[in-house]
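Lifted from TrEMBL, the feature list:
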- ARG223: active site, involved in ionization of N3 of dUMP, leading to its activation (ACT_SITE)
- THR89, ARG112, HIS113, ARG114, GLU120, ASP212, LEU213, HIS214, HIS218: FAD binding site (BINDING)
- GLN109, TRP110, ILE111, ARG112, GLU120, TYR121, SER122, ALA123, ARG124, ARG196, ARG223: dUMP binding site (BINDING)
Amino acid sequence: MPLSPDQIAEIDAARATPRQTLRAVSEGMEAHLYRAQEVLDHGFIRVIDYMGDDAAIVQAARVSYGAGTKHVSNDEGLIRYLMRHWHSTPFEMCEIKLHVKLPVFVARQWIRHRTANVNEYSARYSILDREFYIPAPDQLAAQSTVNNQGRGAVLQGEEAARVLEILKRDAGQAFDSYESMLSQEGQQGLARELARMNLPMNTYTQWYWKTDLHNLFHFLRLRADAHAQYEIRVYAEAIAACVKDWVPLAFAAFEDYRMGGVTLSAKAIDCVKRMLNGEKVTQETSGMSKGEWREFQVVLG
Ligand SMILES: Cc1cc2nc3c(=O)[nH]c(=O)nc-3n(C[C@H](O)[C@H](O)[C@H](O)COP(=O)(O)OP(=O)(O)OC[C@H]3O[C@@H](n4cnc5c(N)ncnc54)[C@H](O)[C@@H]3O)c2cc1C
């Protein structure tokens, strides 16, 4: 279970004491505030704070005095225009702060997104919990034969059982050693900052992660994408669900132009034009590499 009864009680208490504010409030986001959404076997995401809403994006774009505009359709049109034309700074006016519990190997991918503010749980100061990510059976897959950076068929039967056993055993043994290095009767015990060295990458860590909506969209574009590793993708998907409720107009534009849209190269646009003119274009006559052509075919469906 990702949260203890005490932690759940703290969250309930925070949600039970609403305060009045003059600031912009997103009703959709208020429903998520503080609540933990479980991700993987012991992880979660929860929104700790946020600033702004769809109207704040419009307000910043127009540098206006009031709270957004008079017509939702105007707001929607402007937000779509901003997204379409990569006019990104108005989206930076919205911010989100998340509390995330995640395996260390996921954190390593996540931390590559440099445009965020992060504060991580200190394993120099505190003792880590005995919690490891163990993939569910349907995620225990073999190396992909077509994609060097991916997985293929799900392992079955004895092989799946053997792998699962190794993952559990190694993590358990490493944690036993961690605990025994920290404290043993009649010994001084190794410092926490050193004892953690032997722990595996599936150990859970936690952090507070704050970013603005523009950079969050960039993160989601990369990490909620089918090419992202499953273990980070499920976090991105959980965040995306909150963002959809927080800024529905901006999220719809993001889904349309970024998640659902594609960027075509000049060569690809030339091919589309030639195809529309009735020409039979092949990879050889397209001017594209085999890889580009393959991806272009996927875009064309
Ligand atoms: C499917 C996938 C596979 C990947 N595989 C690998 C891999 O094998 N090895 C590996 O090392 N990484 C890998 N990465 C990580 C990837 O290369 C990026 O580091 C990561 O996605 C963060 O992207 P970003 O730099 O655009 O994001 P952020 O750091 O959030 O930056 C956002 C944007 O800010 C700007 N920016 C931020 N900092 C700078 C800067 N210092 N200089 C100039 N512009 C800046 C850039 O425009 C950038 O796009 C992979 C990522 C994905 C999604």
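Backbone N, Cα and C define each Cβ position, glycine as well.
TrEMBL does not curate its annotations; it predicts them automatically.
Sequence features annotated in TrEMBL and their locations in the structure.
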{"residue": "THR89", "record": "FAD binding site", "DSSP (3 states)": "helix"}
{"residue": "GLN109", "record": "dUMP binding site", "DSSP (3 states)": "helix"}
{"residue": "GLU120", "record": "FAD binding site", "DSSP (3 states)": "strand"}
{"residue": "LEU213", "record": "FAD binding site", "DSSP (3 states)": "helix"}
{"residue": "HIS218", "record": "FAD binding site", "DSSP (3 states)": "helix"}
{"residue": "ARG223", "record": "active site, involved in ionization of N3 of dUMP, leading to its activation", "DSSP (3 states)": "helix"}
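Least crowded of the recorded positions (HIS113, ARG124, HIS218, ARG223), judged by neighbouring Cβ atoms within 10 Å of its own Cβ: ARG124.
Listed in sequence order, the binding-site residues among THR89, ILE111, HIS113, LEU213, HIS218 whose CB lies under 6 angstroms from an atom of ligand 1 come out as HIS113, HIS218. For the binding-site residues THR89, GLN109, SER122, the largest tally of other C-beta atoms within 10 A is found at GLN109. For the pair HIS218 (FAD binding site) and SER122 (dUMP binding site), the C-alpha distance works out to 28 angstrom.
Looking at the residues that bind dUMP per the record, GLN109, TRP110, ILE111, ARG112, GLU120, TYR121, SER122, ALA123, ARG124, ARG196, ARG223, the two CA atoms farthest apart are separated by 29 Å.
Here the binding-site residues are ILE111, LEU213; the one with the fewest Cβ atoms within 10 Å of its Cβ is ILE111. GLU120 (FAD binding site) and ILE111 (dUMP binding site) have their C-alpha atoms 11 Å apart, to the nearest angstrom. Residues THR89, ARG112, HIS113, ARG114, GLU120, ASP212, LEU213, HIS214, HIS218 are the ones the record ties to FAD, and the longest Cα gap between any two of them is 27 Å. Residue pair ARG223 (active site, involved in ionization of N3 of dUMP, leading to its activation) / ARG124 (dUMP binding site) shows a Cα separation of 29 Å. Taking the Cα atom of each, SER122 (dUMP binding site) and HIS113 (FAD binding site) are about 20 angstrom apart. Closest to LEU213 (FAD binding site) in space, going by CA atoms and restricting to the binding-site residues GLN109, ILE111, ARG124, is ILE111. Over all protein chains present, the Cβ of GLU120 (FAD binding site) has 13 other Cβ atoms lying within 10 Å.
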